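Annotated features in TrEMBL:
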type	residues	note
SIGNAL	1-28	signal peptide
DOMAIN	29-326	domain 'Plant heme peroxidase family profile'
DISULFID	Cys39-Cys118	disulfide bond
SITE	Arg66	site 'Transition state stabilizer'
ACT_SITE	His70	active site, proton acceptor
BINDING	Asp71, Val74, Asp78, Ser80, Glu92	Ca(2+) 1 binding site
DISULFID	Cys72-Cys77	disulfide bond
DISULFID	Cys124-Cys322	disulfide bond
BINDING	Pro166	substrate binding site
BINDING	His196	heme b binding site
DISULFID	Cys203-Cys230	disulfide bond
BINDING	Asp246, Thr249, Asp254	Ca(2+) 2 binding site
Amino acid sequence: MAMKNHPSCTSFIFLILPLLLQLYSAKSELQLNYYAQSCPNAEEIIKQQVIKLDNKHGNTAVSWVRNLFHDCVVKSCDASLLLETVNGIESEQKSDRSFGMRNFKYVKTIKEALEEECPMTVSCADIVSLSARDGIVLLGGPRIEMKTGRKDSKESYLSDVQNSIPNHNDSIQSVLSRFQSIGIDTEGTVALLGAHSVGRVHCVNLVHRLYPTVDPTLDPDYAEYLKGRCPSPDPDPTEVLYARNDRETPMILDNMYYKNLLKHKGLLMIDQQLTSDPTTSTLVENMAADNGYFQDQFARAVMLLSENNPLTGDEGEIRKDCRYVNSD
């Protein structure tokens, strides 16, 4: 039997189609090469700026990796971390979880290069993610295929930082739970902590393991080295007093971190707990034995982290200056 036409149904489809398309465009997904048409050189500009800044200042690559972690763990990968305290905004950088973070000023250098090429096109959130990706390569880590298309938040989340970013004294189970809540499994979390292979830790964050008595889980010779770096139980937080996370390859993102843990040379409490907890100890041994395995898992975890709850489409904005929400 022939089907009858239903003009009213057809009309309804045509009426609702534009609305559906609008909803789709408003909540689009991240994608590879998002700027291929709007700013074809965007990713190369970021890469070259990251290389230039590292050649000039020597320590920026580590900062880009830490920026990604601190931005994406709090609510969303939306560059809220970069907002400064002004016009009712309370910067996340004021939190004690941000202690020791630096080089925010050089994000402006990257943004200015992009604005010159493609004004109001590339988000600060994508700068955070892509600079971390390129910084990881400079540190000898894996190349990560990272999607783009994030938008920038119009607010800061200072009140959420304390509960979102794990503390170095937290239990390993609480850290695993925190990362699980944003879709990163135990294997990925253990790999992410491998970022402690590079950079340094201020004495403020480790003297509790040295004074008044040395933490018995620390290798005695390593404890003496740390005491040499941090001779006071009450270090001045404004002074540059620190110890390297990894003395053998301090600026290479490799599995030496895990090898050191097996020798009881974990710098922070959270590091050393990885070897004593049965849910993570085998993973530490596997990553210590195989740098390729560590880097594969690190790349997977960083990609997951970079895609945590992004603002896309009509959400958020493209800031002209990463430090400030756009004025109306």
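Glycine is treated like the rest: Cβ placed from N, Cα and C.
Just so you know, TrEMBL annotations are computer predictions that nobody has curated.
Ranking the binding-site residues Ser80, Thr249 by how many Cβ atoms sit within 10 Å of each one's Cβ puts Ser80 at the top.
A simple way to gauge crowding: the CB of Cys77 (disulfide bond) has 27 other CB atoms within 10 angstroms, across all the protein chains here.
The disulfide-bonded residues examined here are Cys72, Cys322; by Cβ neighbour count within 10 Å, the least packed of them is Cys322.
Here the residue listed as 'heme b binding site' comes close to Asn245, Asp246, Tyr257, Leu267, Leu268, Asp271: these same-chain residues lie at least six apart in sequence, with C-beta atoms under 8 angstroms from its C-beta. Spatially, by CA atoms, the recorded positions Arg66, Cys124, Cys230, Thr249, Asp254 include one closest to Asp78 (Ca(2+) 1 binding site), and that is Cys124. Counting Cβ atoms from all protein chains shown, Arg66 (site 'Transition state stabilizer') has 21 others lying within 10 Å of its own Cβ. Checked against His70 (active site, proton acceptor) by C-alpha proximity, the recorded positions Cys39, Cys118, Pro166, Cys203 yield Pro166 as the nearest.
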